[in-house]
């Protein structure tokens, strides 16, 4: 009977907690659905440029199963490849094909080389390893971790800063510290900014240590400047910090704060570039640009894999700052829940 009473109490407790009940059902379904859409997407179609190829050779090429763009000069093809509009392009020198690949994604490289081997089969009998292949970024020895590393670096920084900031601010509320501050002459924006700066000092230090460890201890690929990596991770930390503080306002305990992770944090990994968004259903891949990690991962790859500088990452940084400004504004508005000034 005592066990029965305990079971009934737990069941009633869970039934009353609509958020936990919904999470038990909705979160696994959401994540499983995303995994299904990611791993059962369309096959990748290489984007290949043909640069001033003689018509006699072009007629012999097998150009099916690829997105083909024709160019009259190498400069235009190389420029589009740098912008990632092409995965690579083909030129002919002395009747011999020469291939240039963008090179930053090993999976795309493999798919493109496989297609090239098939397309050039009518012209030669040699395999893909004997083709004259150049890489704008990366190399044929580039590993999967070199490509995934920047995304994982951004994700773990975002995840831990979000969690620590949210739980810490929640503790400020549950211990009554926030209520006492709201009773003081401090304005709402002063309270929010104060918390962001206070928590931010430690979260920024955490992000710096993680980035330095990943690059200099684990040997993660690093083609650009560490200063830019640091700038990106610090900006991402600020976004995670402000989002964590915002969502903590809607949680009454640590468990409810953790419940936001599978809804807010985990889905971002699917749309951050860890998986090729071009193979995901079109009605779903639009979610990526709505998430902070999408911009941070793109900027980190541009610096760490492609060796780019400020001119190629500043837009991503401004978008992250825009997310932070939005979350700060919402944080100030959320304090209306406790006191109206």
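One-based numbering along the chain as shown.
Any Cβ shown, glycine's included, is placed from N, Cα and C.
In TrEMBL, annotation is done automatically, which means it is predicted and not curated.
Listed in TrEMBL for this protein:
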- 113-338: domain 'ABC transmembrane type-2' (DOMAIN)
- 21-39: transmembrane segment (TRANSMEM)
- 147-170: transmembrane segment (TRANSMEM)
- 191-219: transmembrane segment (TRANSMEM)
- 225-250: transmembrane segment (TRANSMEM)
- 257-275: transmembrane segment (TRANSMEM)
- 313-335: transmembrane segment (TRANSMEM)
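Remote same-chain residues near the transmembrane segment (225-250) are listed as 153-154, 157-159, 161-167, 169-170, 173, 192, 195-196, 199-200, 203-204, 206-208, 210-212, 215, 256-257, 260, 264, 292-293, 296, 299-300, 303-304, 309-310, 313, 316-317, 320-321, 323-324, 327-328, 330-331, 334-335, 337 (criterion: CB distance under 8 Å, separation of at least six residues from the stretch ends).
If you look at the transmembrane segment (147-170) against the transmembrane segment (191-219), you find at least three C-beta pairs under 8 angstroms, all six or more positions apart, and that counts as contact. With pairs at least 6 apart in sequence, the transmembrane segment (191-219) and the transmembrane segment (313-335) have 3 or more Cβ pairs within the 8 Å limit; the two touch.
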